[in-house]
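Chemist: One structure is given below, represented as structure tokens, and several questions about it will come after.
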Amino acid sequence: MERLNLKHKLGDKWISTLASIWIQCTSGSLYTFSIYSPILKSTQRYDQSTLDTVSVFKDIGANCGVLSGLLYTFATPSNRRNAYFGGPCLVLAAGAIQCFLGYFLIWASVVGLIPRPPVVGMCFFVLLAAHAQTFFNTANVVTAVRNFPDYSGTAVGIMKGFVGLSGAILIQFYETIFHNKPTSYLLILALLPTINPLLLMWFVRIYDTKEQEEKKLLNAISCVALLLAAYLMAVIIVDHLFTFQLLVRIATFVVLLLLLSSPLCIVPSLRAREKDSSVIHQSLISEGQRFDQEMEVHDTRDSLEEDNLNLLQAMGSVHFWILFFAMACGMGSGLATVNNLGQIGESLGYSNFETNTLVSLWSIWNFLGRFGAGYVSDHFLYVKGWARPLFMVLTLSSMSIGHAVIASGMPGALYAGSILVGVCYGSQWSLMPTIASEIFGVKHMGTIFNAITIASPVGSYIFSVRVVGFIYDKEAWGSGCSGTHCFMLSFLIMASATLLGSLAALALFFHTKNFYNQVVLRRLLHSLRE
């Protein structure tokens with residue numbers, strides 16, 4: 001009977017996880033801004049600085065998620081057994097309403113259904129549409145952390161990874177059905193990311209399962225995610241080389257839908273297995289024995305309890321502000337890069353199709369960073385005891401190199417640099433929420449990590465408007481700018497800023513190293529030995 005109940009719980013958790021993944025697959029519309037920004041710029045008669053200002057409000061909406069965190073905390077009961085009809089559903093519904101209103105008003109402005117709004121009106125429409133993503137992310141990410149507390153890095157990486165991958169998925173949808181019709185694509189953005197959460201939100205709930213089953217589930221999802229990313233990358237590259245005909249595009253899109261549906265086959269296969277040999281689980285047991293021998297720490301439940309700081313308490317900590325500064329440098333410069341990929345490609349002589357290819361590939365690199373950073377940091381935290389902020393240091397340093405590569409303007413530099421920047425930018429989205437949950441606790445995680453992500457639009461405004469937009473308009477002659485000089489200085493500035501952010505993350509690493517060794521890692525080991 002106990003075994004049947006465990007299987008039932010696993011199935012419930014699997015349905016919740018799969019529903020969250022599918023919602024995430026349509027939640028990353030902001031990463032396709034380069035697809036419809038030209039039509040927005042021409043119909044609304046914006047110059048580059050004005051378009052960058054509108055883009056910054058998109059970033060503000062997508063990263064100011066404190067309201068979604070507060071709603072999640074308020075609406076989700078602390079007793080998980082009563083969470084069956086709890087907060088995640090309400091948070092997702094609030095996000096769906098905002099998504100529809102925002103994109104519908106943008107589309108209505110572009111087609112002339114409503115009078116051309118002032119710049120402040122368009123900024124509000126874009127902010128509203130992008131703000132919906134914070135509600136989708138908060139509901140799915142925090143629920144995943146609560147469902148998989150022992151593998152929070154991997155769980156966050158998967159959820160954040162599919163958001164990064166959603167840009168490529170939506171662009172494949174655009175290229176297949178609405179090729180060269182960005183106006184129609186705007187209308188789809190008002191409908192698809194709205195209907196999808198409304199249909200699936202009823203399944204996103206909080207459950208408990210045993211550790212051994214969790215690991216099998218997460219490994220299976222990870223394999224599907226990597227296969228999906230590899231397939232999308234192959235489709236993008238081959239399409240760039242040979243240019244698919246309509247029938248081929250339809251066939252590749254059908255295969256994409258089949259891959260997205262493939263996780264439905266995982267639960268039966270998991271239930272058919274009776275035993276699981278987990279290498280990581282065995283290493284955790286040996287690691288726990290090593291800690292018992294080397295450290296004299298009272299192994300009581302009280303010593304392993306989370307502090308669960310609220311937002312105001314967290315903001316009184318130096319850790320909060322170090323994370324905020326590092327994210328302003330890393331996420332801000334990354335957003336400035338993706339928002340200007342179209343203009344960079346145009347200045348370097350890339351075609352519109354090549355620019356769209358860059359945007360699609362950015363989504364792949366973004367996914368690899370989000371997924372890889374969570375999974376790898378989990379592994380080294382458990383096996384080697386490495387504090388997670390160390391990976392923030394490494395990724396921000398690599399991101400600085402990526403900005404410098406783009407600034408060089410050498411042949412192929414935009415592709416190579418965007419790979420580095422995209423992977424490292426995506427890494428911050430899985431590392432920061434996980435670090436926040438470990439340092440400040442899970443109870444108010446949604447509010448705290450969303451407050452830290454406000455650093456992203458702050459950095460994006462500085463880099464996009466005050467650096468990239470200002471220097472571009474200064475270098476431009478007439479209606480445009482051509483050549484490497486248009487963006488070289490901007491990216492050198494962003495390379496320096498990101499390097500400074502890595503130094504801040506290094507300070508966080510040294511400041512929390514003992515905390516990770518004595519509290520975070522030991523808490524995980526205790527949980528997995530139970």
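Note: Cβ is positioned from N, Cα and C throughout, glycine not excepted.
Taken from TrEMBL, the feature domain 'Major facilitator superfamily (MFS) profile' applies to 318-530. Per TrEMBL, the feature transmembrane segment maps to 21-40, 89-113, 119-139, 151-173, 185-205, 217-238, 244-267, 318-338, 413-436, 448-472, 487-510.
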Chemist: So what's the average pLDDT for the domain 'Major facilitator superfamily (MFS) profile' (318-530)?
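Modeler: Mean model confidence (pLDDT) across the domain 'Major facilitator superfamily (MFS) profile' (318-530) is 87.
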Chemist: Given a Cβ distance threshold of under 8 angstroms, which distant residues of the chain, six or more beyond its ends, lie next to the transmembrane segment (21-40)?
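Modeler: Same-chain residues near the transmembrane segment (21-40) but 6 or more away: 46, 51, 54-55, 58-59, 62, 92, 103, 106, 110, 122, 129-130, 132-133, 136-137, 139-140, 158-159, 162-167, 169-171, 174, 182-183, 185-186, 189, 192-193, 196-197, 200-201, 204, 221, 260, 263, 338-339, 341-342, 355-356, 359, 362-363, 366.
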Chemist: Can you say which of 151-173, 217-238, 244-267 has the most Cβ pairs under 8 Å with the transmembrane segment (119-139)?
Modeler: 151-173
Chemist: Can you name the far-off residues of the same chain, 6+ from the ends of the transmembrane segment (217-238), with a Cβ under 8 Å from a Cβ of it?
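Modeler: Cβ under 8 Å, 6 or more out: 10, 13-14, 17, 21, 148, 151, 154-155, 158, 161-162, 165, 168-169, 172, 209, 244, 252, 255-256, 259-260, 262-263, 266, 269-270, 357, 360-361, 363-364, 367-368, 371, 375.
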